[in-house]
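Reviewing the structure listed below.
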């Protein structure tokens with residue numbers, strides 16, 4: 001039985017063990033997947049011990065993605081650009097391969113929704129790790145990206161780093177209000193404090209609105225605000241979570257699961273748990 005785990009802090013809320021359990025049942029793969037509360041002081045030692053004991057792979061979530069990145073021996077292109085990994089695989093020779101499947105999870109969910117068309121005007125809110133993890137796949141999909149971040153310098157540095165991969169620029173809230181967008185993505189963690197970026201209402205009304213965070217009935221602070229502004233096309237990040245997990249599962253087990261089927265089951269379980 002192949003051993004896997006997701007590492008984070010906090011981690012009790014993670015849906016990943018359930019998602020991978022469903023993937024295993026669906027594909028007939030014999031796997032064990034557990035949640036591990038990472039120790040801020042000893043994370044690297046704990047993770048390397050996990051692999052030394054024979055584990056085949058691990059998912060990494062906040063706040064350890066950058067630290068896990070530094071432990072790897074080989075990297076995917078998306079992982080190198082993000083400078084953070086959410087997926088590690090132990091290779092046959094014992095070395096660690098690092099990937100970042102967040103962006104592919106996002107793009108696959110946007111495709112499922114019919115929201116990923118070439119040359120769209122996309123506004124991304126935030127310039128932190130979540131944004132870094134998705135820029136490369138979005139630019140590969142020929143999205144025209146504008147980044148807003150409260151600290152403009154951070155957004156500018158990110159835009160400069162990814163400029164050679166496609167159209168990307170930065171803007172202030174005032175500049176954003178004078179533009180039009182086809183898709184608006186919230187990649188900030190403000191929702192964890194019950195806050196959101198106050199994007200101009202007319203933009204939310206006309207665009208498709210996507211929040212990387214998720215909640216039962218899509219009741220995230222940003223999506224609640226978007227609905228109040230008249231948004232009619234909106235979605236939370238549960239599909240992105242299941243999607244990135246699907247790409248990690250494929251990396252480990254060499255079989256891509258039916259993501260949509262698992263997403264539907266997860267939504268039903270969350271609905272029934274209310």
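Going from the start of the chain as shown, residues are counted 1 onward.
Cβ coordinates are placed from backbone N, Cα and C, and glycine is handled just like the others.
Note that this is a predicted model, so its numbers are computed, not measured.
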Report summary line: From candidates 27, 61, Swiss-Prot puts in the same shikimate site as 14, 15, 16, 86, 102, 214 the residue 61
Query - Nearest-integer angstrom distance between the alpha carbons (Cα) of residue 153 (NADP(+) binding site) and residue 65 (active site, proton acceptor) - result: 22
Report summary line: Across all protein chains shown, the binding-site residues 77, 102, 153 give the max Cβ-within-10 Å count at 102
Report task. Check residue 77 (NADP(+) binding site) against DSSP and tell me helix, strand or coil, would you? Result -> helix
Report summary line: Listed in sequence order, the residues of the same chain lying six or more positions from residue 214 (shikimate binding site) whose CB sits under 8 Å from its CB are 220, 236, 237, 238, 241
